[in-house]
Structures are given as structure tokens and as C-alpha cells.
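See below for the structure under consideration.
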Amino acid sequence: MSTIFIAGQRWISNPEPDLGLGIILEAENRRVVIAFPAAEEERTYAAAAAPLSRVLFQVGDNIDVPNQGPLTVTEQQEHNGCIVYFAEDENGDVHPVPEQILSANIKLSNAKERLLAGQVEHHRRFALRAATLEQQNTSQAASTRGLLGPRVQLLPHQMYIAAEVASRPTPRVLLADEVGLGKTIEAGLIIHQLLLLERAKRVLIVVPDSLVHQWLVEMLRRFNLKFSIFNEARCQLIDKYEDDPSSIFFDEEASKEQEENPFEDAQLVICPLSWISSHERRQQQLCDAGWDMLVVDEAHHLHWHEDGDASPEYKLVERLSAEIASVLLLTATPENAGIDGHFARLRLLDPVRYPDLAAFLEEQSHYEEISELIQGLSDSPDTSLSDVDFCQRLETLLGKAQFSALQKNPSPEQLDKTIRDLLDRFGTGRMLFRNTRASVGGFPERILHEHPLTVPSGYEQACTTATIEETLHPEQLLGAAWLKADPRVSWVEKFLLQNPDDKVLLIAADSSAARDLELHLRLRRGIASAVFHEELSLIERDRAAAYFADSEDGAQLLICSEIGSEGRNFQFAQHLILFDLPLNPDLLEQRIGRLDRIGQLGDVNLHVPYYAGSAQEKLLSWYRDAVNIFKQPCTVGNALMLEFGDDLHSALTKGDNNPINDVIALAADKAIELQENLRKGRNRLLELNSCQPQRAAELISALETEQRSDTLAEYVEMLAEQFGLEHEDHSDNAVILRPGDHMITEAFPHLPDDGITGTFDRDRALSREDMAYFSWEHPLVSGAMDLVMSSDFGSASICTISVKALKPGTLLLESFFSPTLQAPAWLQLQGYLPAQSFRLVTDQQNRNLSNAVAHSKLNQLAQGVKKTLMPVLLREVRTSITAMIPHIETLAEDTTKAWVKTATENYKTDRDNERERLQSLMSRNPHVAPQELEAFDRETTLGMTALQSLQLNMSALRLAIVSQ
Ligand SMILES: Nc1ncnc2c1ncn2[C@@H]1O[C@H](COP(=O)(O)OP(=O)(O)OP(=O)(O)O)[C@@H](O)[C@H]1O
């Protein structure tokens, strides 16, 4: 098939002009591959729909060739579809320049050319383009970018974490808030920010099977992010299409040379953990597919032991996290399988900071001291810094240079930096975030209901030869007819019949007990129930959860196995039956967390049916009186188990109560002591890292201000008017948009054929999920902004204005400039520019009137010029504007130089700080190779060079002619 693309031609991407001048690498099989050397990116498109524009220079145009001075085109010749320019240098020598050798950094000046060519548009279109540019600036300057659009309540601890984590160049963190405090939402906020800031394009989420759909749905309904679930069936389907010569995906060359990678088929992917960690070939493909960000939920399933033993899940994540720059691990119970597992997960995130377990354990014993130093610096810096002992301790940790810098200048910034350094290098680290119910506040009560039951015959006898696990799970001892014999079953039946209007969640350790019990209650007792365990397929599990969630015709009871229910949202229920109690306190916390989570509106009733006088009762007393888990989340349960676990196990099997009472008494005292230590040490450090209330309040206030503004509603109305959409008021703060009969584009982004109803009000959007939540970050709005900016829409305009203060015939040139960085995205330099564009206004005397003549004023005064008059008008003013344009460009270059200066200074400061940290960690960790520092320095040089070669692009140009 013939194609318009030929290898070697130079094209530019319409949606991504920042990529610079691209060069066609391949144009075969209906697809085109183009490289963008300036951005180190490559794109493959279907040739028929490639969003590319051919770049051809005309005689008189300036062109750039690396390592040569400025050249001006004098002639162009075509050879086999590619152009050879003949261009003159400053000495008048003419050089042949094949287009292939043109510099990849390109200057675009479409607006100017369009204006001079008379290709101008109505001033309302120019106003829409200008409004888009201004909004892009506002968004870039906002510290809240990426936090505005998600349909979530503005909760301080989440907003803080999301903003803090996303502000890091490559976030690698452990989100370990207590159960149900919104780690999924935090991860979603971080993903959303990085995608919006274009710091991530490909995101991989790996989750336990039971959470696959929950994540899919949360990402879509709260963040407008469409993830794709990948499993074996999907991969096979893709393999099949790509191997099928009749398929549109078939690529003969590729199929001969190498196997296609199915994971390259989507940018946002969710994978079930059990599938991918047990499938070697898919794992390899997953690792090869290249990702910018990895998210792993319920990360406590990644087991690792100091002796080198690691679970397949751990090994998979270890492989992935070595390749992927940004990594989020999520767990509510980081120490679930012991401190070594916790250490191992931190090691995955930052092997330089966490080189070995022994050092980590040793470090923990100093948390209290670090916390004291931090407290001294934050509460009374002057007194602390005049205390000799305090200073000595600080100097030992920080080193001479940093300490004396602080002592000389204890400014708030320097103090803040020191506190962060202490937290990071010697405290709980900057990658661990853990908010607690106590710090977040506003949670309901946990109420324990104990239900003692008579021990059934045969149980005690069976216990004499049983393990402790069997003793705690009588269904394993009572034989095949356990459902009949077990008094817990009849108690559950009675409870459900007495509380017919309440939703009840029942959790049992074992999936077969859960299955038997549910079948019995549903079939024999007619109870509307569902079951949820790990042996069900994903669809069956989701169906069961949906049936339970249905408030009208749904199940009264959902029976879950331990692992099956982890991470799920059942906060609409207020009764949890703990059919048995696990020995691991974290498992119990996970169970309670199904109900005790954000969104729970009532008290959480915890029901424990147990055999009176049995090991079950003893374990209940342990949790109630020593661990205190039925009142509040347990923070010391693991530590108590470590110290008293053996005694507890032996006391559980004893007939009399003395041993258990003794263990409980000792453990209860110990719990108080441990909690006090944690309060002073680890928890205080975690609190400091996990939420700074003032910063969180500032973020929320900024978000609320942005939300209250009417600008978005006005912008949406302008969009509708200019693109030909139907726009109808729905109700207060809500509108309906529909495709109109006179639309100027075939498809408007994210506008369904039957229209969309959206509200600008967050609270309304939270309660009305049938409405879209329109913010500047909604895909319809951001897609429309891209539509405007990726084309010439409204880029050149001529209008007349009538102003008494100005002489008729005065010409005002209003221009918006967008300096563009042509650098690889991974360098993350965009944030160093003060804005995405700036505006200048000049007149024939080349006076800078940018401040004197406001854009909004020009919009108010602007009158359109009849098309028929345009050629005459242009002829009259052409000489003047041809002289004015270079001047306004010189002014723009001056502004750009100032930007470059500030940006390079700020970039250097940040890099120096980061380098200092790396050096400090290297001095304590012999495993870090010096090459790391060299690589870091190379990257800094690259960043500095890219900032220094900022390119100026004129995005919009309007000529206003003062009339009579
Ligand atoms: N900011 C928010 N706005 C609205 N709903 C929220 C917000 N944060 C959390 N939720 C809701 O609260 C529940 C708990 O949140 P989430 O699932 O993110 O918690 P989690 O910490 O990941 O839980 P777990 O520890 O069980 O894995 C979910 O139903 C979630 O949708």
C-alpha cells in the first residue's frame, strides 16, 4: 500500500509538539514509526491516522543544523520524497542540507505565518485559545495539579501524602496507613498526578486476585482512569491476533523476528498477583514491556527472609522494582509477617538506604533519640542549638559541614531541611507513610459483643490430641456433621433472624468452612446470603460482593474466608461476626478493617460467638485485655506476640485460667510500655513524615478556591459555542453537553453520542455518581484543551477596537509565547519553568504595553473584521506588522533568558541537595558503587543543557487595529 510517509522525512507531532522534530524511521505495513531524537522518544502509529504534520522549510526560512551557525534556505530540491535544502551561512557560502541532518530542536512560528498570510480566525476563537493558555499556566503553577479532578472527599492525610509523594522526581514509597484509611485512594491520587504531569505514561498495578475489579472500578469512577485487566486469556487473545496474517495487528516482519509483547498493548494495566507470579514467560514479558510506575497492593504478601528465602511474589516485585523508576507498595500491616519482611519491602524501594537488616534493627533502637532531636529543632530551635550536648549529638549524625551550616543560619528552611534529613537518614525514612485512626480522627466506635456458647459434646475429647489451630476451629474437630453440632451455627442463624434488616459480614479463617456454612444457611434456613473466598473466580467474587452491597434486593449475609475478603470495601455493613479468631493480630485487624474504614457511618459491632471456657474464650480475652484490639487498631500486637507468643500458645491449651490470666496481665503492662515507646519514638517520626496538617490545610484550601471559581463553567460554555456543542443548564452548577448539528470536529473528546451531564460541585459529584465531575482535570475538559492547543485553532486573529485614548490607525500586537523544553520526559524539567506561556503586547513604536493593555479588555473591545475587507486591511498594515514582529520576538527572548536563569539555578539547588543525600548515604553504605554518583552527575549535566536550550514558540498572535 502506498503511503505518504517516507523514511528520512521530518515531521512533527500535533498533540506533542514538545517532542521536537521527528524523523520517519519506517513506513511499512500501514504503520509508521517515527523517532524524536530531542526527547529520546519513539512513536508508532497507524499510517492512516498518524497525528503528524510534515515540516517543510521555505526559501528565506532559518534552519538549524547541529554544530553549524545559522543557515537561511535559498533553495529546496526533492529526492525520492525527501528534501535537500540549499542554505546560506553568515559568510554567504551555500551548503547542501539533507533534511535528515536538521536539528531535532525546532522553532515553530505558525501563528506569525498564518497572520501574515491572512489565515485569521474570529476573535472569540483567539480568546478561547488565550483562555486555554492562561489556564495551562494556572494549572502548572498550582501545587494541586492532579488533585483537583478525582471524585474524592478532600481528606487532609490523603492530600498531604499524594502531594508530597508526587512531588518527588521518582516516588518510591510504602503507603502503610492503617486499614481502611484510603491507601487505594492515595495511590490513585499519585497515579493521577503523575499521568497529568506527564511524568508517567505506563502504569502497572499488581494486586491480589480478589481486588482486581475493585481497583478497576475505583480507578475509573474516582479518577477517570481506564485500566485494562491482563490475564492469561487476554494475553493469548493478543498473541493470536498478532500471529494471524488476516488481523489488522499482524506485522509480518515483527512476527518473523520476535514475539510481540502483549503487555505493550495497553498503557494502564492491572494484573492479578497469583497469575503473574506463577507464570515465568508472562513475567518476562511483563518486565520487558517497560513501565514508568508500579503499584503493588497488599504488599505484606511479599515474603522474604534474611537467609535469602523469598516468595515468588517477592521475587517478581523485586525484578520489576529494579527496572521501574516509581514504585508504590501498599499495606496496612507492614509488619504482618515479621520485621524482616517489613525491612525487605523497604529494601525493594531503596536498597541504598536499607542495605542490611542488622543495621535496620539497630537503627530502630535510636528512634526515640532522633525523635527528641527533631522535637528540639521544631519546638525550640534557639534553646536546642545553644545546648552543648544537643549540638554534639546532632553534629555526630549530620556531619561537620551540614551541622555548622545549620548553626550559622538556623532559618526555617534550613531547620526544615535538617528535620527532613534526620527523618530520612536516621528515622523511619522518607519512604514510609503511616497515618493512624488516632491521627486522622472522626472514626466510629468499635463495640464488642461476646456470645458465650455451650461446648458441644465430643469437642473437649477431640481437643486432647488436637493442635492449637484445630482447637480454635472446632469445625475441624466435630466431624462431617459439624454444622449440626456446632452451636456457633445455630447462634448465627438466630442472630440473622433477629436482625433481618441489618447487613452482616461473617469472616471465617477457612474457605471450606465458609462454603459449608453459607450453603447451609442459604439452602436449609433460607437466608439471603453469598459467599466470597479465594477459590471462586474473580467474576464470582465480584458478583457475590455486589449482591451483598445491593441495598434493596441484596443479601443480608456475606460469608468470607480470611484471605478472600482482604482489602474489600464493606463499610455499608455495621455487624461483623468473627466466626473464629486468628492467632495473628494483623489478620484480625484486616478483618475488622472491612467495616471500620472511611465511609463507615455507624458504630462497628464486633460479634464473637465462642465456646465458654475453651481456648477460644482465652484467645478472646487476650485480644480484649492485652492487645485491646476490639476498641482500637492494634499497634503493638505483633511485638506482644513476639514476646509472649509461646506462653500464649501454651496457656491456650491449659485447662485452668491462671496461665492465660498471667500472660494477659504481663502482656497488658508490656503493651502500655511499648505504646509509650512508640509514641515517643517511631510513631512520632511516622506522624511527622505522614502528614503535616498545615501543608494539608493549605492544599485543601487551594483546591476549594479553585473549585469555587466560575472560570471553568465559563470556559465550558466558550468551548460549546466555538466547537458547536449543545450546552444546556441542568440545575444549579450542573450542565448538559451534547454533540451539536454544526460541530466543527468529527468527534469531541470524551463526549458520548447521547451527551453528558456534569456538575462543577465536588459534593454533588460525590453523592450523584450518575453525573460527571467537571473540573479542569476532567478528560472532556483537558481533551478539549489539547484539541485547541494541538492545532492552529484560534492562533491568529485580526480585530478592530475603538478606544478614545488611542489614535485611530494605532496597531497593537498581542502575542502568547510558549517556551518549550525539548528534553526527555524522565528528566522532569517542566516544573522548573515558571509557566507554560507568557503574553506580550507592543505597538508600532515598539513600546511594551503588556501590563497597560489587559487581555480581558481587548476581548471586551474586539470587533470582528469582515472577510471581504481582510485582504485590503492586511495590505495596508503588512509593512508595519512585519517590522513589529521581530521586536516582540526579541522581547520574548529576553523573558525566556530570565526564565532559563531562574530555572537553571533552582534545578542546580535541587540536584545539589539530592547529591548531598546520596553522598551521605554512600558514606554509610559501602554497597553503593561510585558509578551511581557519576550517573547522577551525567543526568544533572543533561538537565542543565536542556534547560539552557529552551525553545521559543509563538502560540498565538492577534492584531488589534484602533478604528475611528
Ligand atoms: N477521599 C475519599 N473520598 C471518598 N471515599 C474515600 C476516600 N478515601 C477512602 N474512601 C473510601 O473508603 C474506603 C477505604 O478506602 P481504601 O480502600 O482506599 O482503603 P485502604 O487503606 O486501601 O484499605 P485496606 O487497608 O483495607 O486495603 C473505600 O470505600 C474508599 O472508596
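Every residue gets a Cβ built from N, Cα and C, even glycine.
Taken from TrEMBL, the feature domain 'Helicase ATP-binding' covers 164-352. Taken together, the residues of the domain 'Helicase ATP-binding' (164-352) have an average pLDDT of 87.
A helical conformation is recorded for Thr184 (ATP binding site) in the three-state DSSP classification. Thr184 (ATP binding site) counts 22 other C-beta atoms within 10 Å of its own C-beta, drawing on all protein chains shown. The annotation ATP binding site is assigned in TrEMBL to Asp177, Glu178, Val179, Gly180, Leu181, Gly182, Lys183, Thr184.
Residues annotated as motif 'DEAH box' in TrEMBL: 297-300. If one looks beyond the motif 'DEAH box' (297-300) by at least 6 residues along the same chain, the residues whose Cβ comes under 8 Å of a Cβ in the stretch are 174, 183-184, 187, 205-208, 211, 215, 317, 329-331, 333-334, 336-337, 341, 345, 566-567, 586.
The domain 'Helicase C-terminal' annotation in TrEMBL covers 484-648.
A simple Cβ count within 10 Å picks out one of the binding-site residues Gly180, Gly182 as the most packed, and that one is Gly180. By the rule that a residue counts when its Cβ sits under 6 Å from some atom of ligand 1, the binding-site residues Glu178, Leu181, Lys183, Thr184 yield Leu181, Lys183, Thr184. Apart from the site residues Asp177, Glu178, Val179, Gly180, Leu181, Gly182, Lys183, Thr184, the chain places the Cβ of Glu186, Ala332, Asn435, Gly593, Arg597, Ile598 no farther than 8 Å from the centroid of the site's Cβ atoms, the recorded ATP location. Helix, strand and coil counts from DSSP across the motif 'DEAH box' (297-300) read 2 helix, 0 strand, 2 coil. For Lys183 (ATP binding site), the number of other Cβ atoms no farther than 10 Å from its own Cβ, over all displayed protein chains, is 26. Of all the Cβ atoms in the protein chains shown, 21 others lie within 10 Å of the Cβ of Val179 (ATP binding site).
In the shown protein chains, 24 other C-beta atoms lie within 10 A of the C-beta of Glu178 (ATP binding site). Same-chain residues at least 6 positions away in sequence with a Cβ under 8 Å from that of Leu181 (ATP binding site) are, in sequence order, His157, Ala332, Asn435, Thr436, Arg437, Val440, Arg597, Ile598. Residues near Asp177 (ATP binding site) in space but far in sequence (CB under 8 A, at least 6 apart, same chain), listed by position: His157, Lys183, Glu186, Ala332, Phe433, Arg434, Asn435, Thr436, Ser690.
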